[in-house]
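Peer 1: Below is a structure I'd like to ask you about.
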């Protein structure tokens, strides 16, 4: 068996197209563009790349992009003041504070300052609570993107056994909550789980988000399982001085056993920004009091 490749790049392009169409419809009804604000503190190179990409994608989707770039030595109080300003701005529907923040800042305090109804990253404790009890709220972009890929591939997930490897607040925990809501039987595992290969081998769905290069081997995978690889790890390439990206799953061996698998790159990665745009647009409709059909996006 050779696994089918789950093309996150193609799915993300389709999702962006739907977002663009609905952004146009929103502007016609609300008399303004949906707006996404991104706040960057410091000059971390990776964060700068992410922020540029998010701003470009926001504009391409037909939404307004607001970028606030602050120096690394910005006082926490000044960052909180920017967040409060964005909370009060009716042109801003979604707020994203790019992480990580400088060490002198309390990330949880900053996230808690964001209006939960503008928290399009889904990191606010209120949105985490809403997810846990099944109420509408914003879900972190990466796990929601994973769920979209799974439902597109498998349809109804009810009754399937799922293992989520990883327990972070950003991916692992919300991923488990989303799968529980789809009536999966969910096990949350991690690097210290006893007999981890045996645990994974029981799963119809494997979501790997543990941050360890190629940790999940092909002989861990149940034949016919669907594998979602969230990992993005840079490892030495074949040529000296070169690097390459790999996931948390040993793709070559897993692809011989699984029925479907996401590649790295080109799998989950493209979904994250596409879902961010989706969340920002949902926020715009809610903030404007305009009904958005649950299956529209």
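Heads up, residue numbers simply count up from 1 along the chain you see.
Every residue gets a Cβ built from N, Cα and C, even glycine.
Okay, these came from Swiss-Prot:
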- 166, 167, 168, 191, 232: NADP(+) binding site (BINDING)
Peer 1: Go through 168, 191, our binding-site residues, and report the one whose Cβ sees the most other Cβ atoms within 10 Å.
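Peer 2: That would be 168, with the highest Cβ count within 10 Å.
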Peer 1: Taking 166, 167, 168, 191, 232 as the record's NADP(+)-binding set, what's the max Cα pairwise distance in Å, rounded to a whole number?
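Peer 2: So the binding residues stretch over 16 Å, Cα to Cα.
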Peer 1: When you measure from the Cβ of residue 232 (NADP(+) binding site), how many other Cβ atoms are you left with inside 10 Å?
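Peer 2: I get 16 for this one.
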Peer 1: How many other Cβ atoms sit within 10 Å of the Cβ of residue 166 (NADP(+) binding site)?
Peer 2: 23
